[in-house]
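S.K.: Okay, here's the structure, questions in a sec.
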């Protein structure tokens with residue numbers, strides 16, 4: 001137990017510095033915005049949605065079905081909300097548990113000695129695990145590994161207890177259930193069944209390739225045949241159920257996720273896909289350069305046979321074949337009690353022996369021997385060591401390295417990444433075993449004590465360096481800014497783009513703009529980056545530039561609904577209503593098939609319809625507005641906040657004098673968000689109109705209480721007081737509103753109106769003057785300023801404002817009438833007029 005405890009403790013200690021880390025990268029979508037984690041969402045939705053909260057059968061789903069992992073996130077959310085500390089704690093504890101189980105598994109293969117320690121410590125400290133442990137979404141890989149090892153250990157028990165029917169099939173059942181759980185943590189967990197079959201055939205029974213078929217059909221090997229058959233049946237059942245549950249359709253990804261898959265050249269696809277496992281192995285061997293994302297151009301495509309990286313591919317597969325040949329073709333030899341050797345159960349005086357760990361350490365004590373139990377029948381004639389030979393361990397290590405990695409090779413279907421470090425969490429078990437057994441074989445082979453010491457210290461140094469790299473890399477996962485800055489050298493386009501989002505959230509606008517432009521320098525057709533840059537420019541009132549980048553974003557991805565939405569909003573605010581209307585309509589017609597995030601798309605489409613309804617509403621087309629609002633309600637996703645939409649429905653019904661319907665929607669708005677201020681104000685107006693004055697006043701006062709800094713609340717309350725002939729109170733509310741929102745034309749203009757109606761003409765003049773300065777080319781503002789100046793006896797200033805208003809709107813009858821009256825007064829007073 002010491003090796004397990006020490007290895008687990010190291011795995012725990014190395015990741016303690018992640019407990020203070022924030023949510024990073026994929027954590028946002030899988031946790032922070034995932035509706036399946038919320039208490040109001042039925043927990044059963046977890047079993048119908050993918051890892052990101054999208055319906056599994058939806059055409060845009062990633063098909064990543066990991067309900068047990070999502071369930072663990074939901075439990076975290078129920079206990080600690082969105083505090084990242086508890087999420088990181090669970091990840092670290094899971095890694096420590098997996099490390100302990102892996103060390104226990106290694107002990108079965110390597111014995112209780114230094115080499116088991118080495119395997120466990122190497123796994124605990126390997127830097128390739130940082131994404132899986134420090135990144136919260138990596139819990140899927142760590143959880144799958146936990147049940148992967150439990151399944152494998154149960155199967156090993158099943159093999160060793162053959163002949164005891166109840167116990168052996170109990171262990172087999174446990175192995176199958178754990179394999180199913182591993183798959184429900186992450187898809188590659190199901191591959192443990194294939195690894196178990198490799199263990200049974202090549203390690204427990206020590207068969208070679210040419211012996212499998214002749215041996216497996218022998219009557220005495222019926223239990224082996226039955227076990228392998230059940231493994232195949234259970235694996236096929238799990239895969240069949242998995243395919244059925246996701247709608248029998250493979251996932252679809254954008255070309256930037258996996259550029260090789262999108263290449264038209266068969267040669268490019270072939271060379272690149274053959275090279276990628278080589279690159280993954282290099283990350284295991286030398287995890288010096290790590291990145292949060294390896295998509296896009298992080299690994300350039302191999303387009304010709306002359307690409308020097310093809311040499312790496314050749315070397316990799318040559319080495320792999322040689323290792324496989326060594327493990328599968330070499331005779332497997334065991335030492336008998338009498339000192340002779342046994343090859344696959346037959347005596348062989350010339351074979352080599354399989355030494356135990358104790359013998360490797362030059363001890364005189366031999367490993368314990370057990371009576372051979374093979375194929376369910378005890379064999380007391382020949383005995384063998386408990387430890388498998390080096391060849392057997394090489395075969396099992398290769399199976400652990402290769403088989404769990406196969407789903408990520410694009411062999412059966414294209415995947416949505418080029419390289420994913422967290423996918424290597426399970427294969428790294430095979431890698432650690434392979435390195436350990438190689439070091440052990442070398443240690444046994446050399447004779448000089450100096451060389452043995454050198455091997456010992458070299459492996460210890462490797463573990464130390466791995467641990468240091470892990471601790472340093474964990475620092476990059478502390479927050480998104482550090483993470484994205486660390487990835488610039490590997491994937492500059494993605495890293496700069498994501499860094500821009502972080503800098504923008506920190507209000508570092510110029511730095512964010514620079515980051516977005518850097519991202520577009522490396523990859524100019526990234527729709528998300530074009531959109532994000534457009535949004536940044538829009539928020540800083542650079543509308544012409546924003547429209548340009550929105551247009552480029554739509555050109556790059558015609559289904560990007562959010563770009564249409566913001567384009568329409570800018571056009572509407574610029575008075576280009578027909579262009580805005582067409583833009584909103586086009587957005588509303590975009591289907592959500594094959595989209596990466598259908599929930600976000602539906603939210604944008606709903607917002608487009610909401611703004612289209614507002615456009616119709618402002619134009620006085622209330623029936624058309626209602627029709628659009630109803631369509632928006634039908635299309636809105638469950639995470640969409642509907643209070644503004646419901647409130648506008650009420651407004652439209654009120655304008656159509658359908659007061660009961662209006663009241664219904666105002667109440668719906670307040671039900672969906674009890675502190676929604678616009679609904680308090682509009683519902684208050686309706687109550688005042690229908691004679692429920694005290695209820696109306698309560699709503700106005702509640703709105704002010706909710707946000708005492710919002711001038712519009714005082715404005716509505718002031719209008720109510722004015723209608724109630726409470727003129728002094730109304731005037732106070734008007735002044736308060738104008739002071740709070742002195743840059744908002746509507747508030748200032750309406751405040752001036754109210755003060756004028758309250759006969760406070762001097763105060764009214766002040767705010768009419770401010771309104772005219774806010775909109776110097778708005779005829780109504782100039783006309784009303786002229787009128788109040790007229791009343792206050794400032795006749796020449798009044799004339800100037802009337803004339804300016806008529807320049808902007810020559811046919812305005814009221815202004816013309818007021819000007820004529822003004823001239824009459826001025827002539828009576830002997831003042832010079834522009835007419836004369």
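Along the chain as shown, the residues are counted starting at 1.
Using the three backbone atoms N, Cα and C, a Cβ is placed for every residue, glycine included.
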S.K.: Of the ranges 450-470, 471-491, 492-512, which one does Swiss-Prot flag as transmembrane segment?
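M.R.: In Swiss-Prot, the transmembrane segment feature sits at 450-470.
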S.K.: Is it the same side of the membrane for residue 55 and residue 449, going by what Swiss-Prot records?
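M.R.: Opposite sides, per Swiss-Prot.
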S.K.: Of the ranges 313-333, 334-354, 355-375, which one does Swiss-Prot flag as transmembrane segment?
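M.R.: Going through 313-333, 334-354, 355-375 one by one, Swiss-Prot gives transmembrane segment for 313-333.
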S.K.: Can you name the far-off residues of the same chain, 6+ from the ends of the repeat 'TPR 7' (711-744), with a Cβ under 8 Å from a Cβ of it?
M.R.: 677, 681, 684-685, 688, 693, 696-697, 700-701, 703-704, 750-752, 754-755, 757-760, 763, 767, 770, 774
S.K.: Below 8 angstroms Cβ to Cβ, which residues of this chain, lying six or more residues outside the transmembrane segment (450-470), approach it?
M.R.: 10, 14-15, 114, 118, 121-122, 125-127, 129-130, 287-288, 436, 439, 442-443
S.K.: Under 8 angstroms for C-beta pairs, at least 3 of them, ignoring pairs fewer than 6 apart in sequence. Is the transmembrane segment (108-128) in contact with the transmembrane segment (423-443) by that rule?
M.R.: yes
S.K.: Which residue counts does DSSP yield for the repeat 'TPR 5' (643-676) in the helix, strand and coil classes, in that order?
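M.R.: Residue counts for the repeat 'TPR 5' (643-676) by secondary structure: 27 helix, 0 strand, 7 coil.
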S.K.: Which sequence-distant residues neighbour the repeat 'TPR 4' (606-639)? Criterion: at least 6 residues beyond either end, Cβ under 8 Å.
M.R.: 33, 35, 41, 561, 564-565, 568-569, 572, 577, 580-581, 584-585, 587-588, 598-599, 645, 648-649, 651-653, 655-656
S.K.: On the DSSP side of things, how many residues of the topological domain 'Cytoplasmic' (444-449) fall into helix, strand and coil, could you say?
M.R.: 3 helix, 0 strand, 3 coil
S.K.: Given pairs 6 or more apart, does the transmembrane segment (400-420) have at least three Cβ pairs under 8 Å with the transmembrane segment (163-184)?
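M.R.: No, the transmembrane segment (400-420) does not contact the transmembrane segment (163-184).
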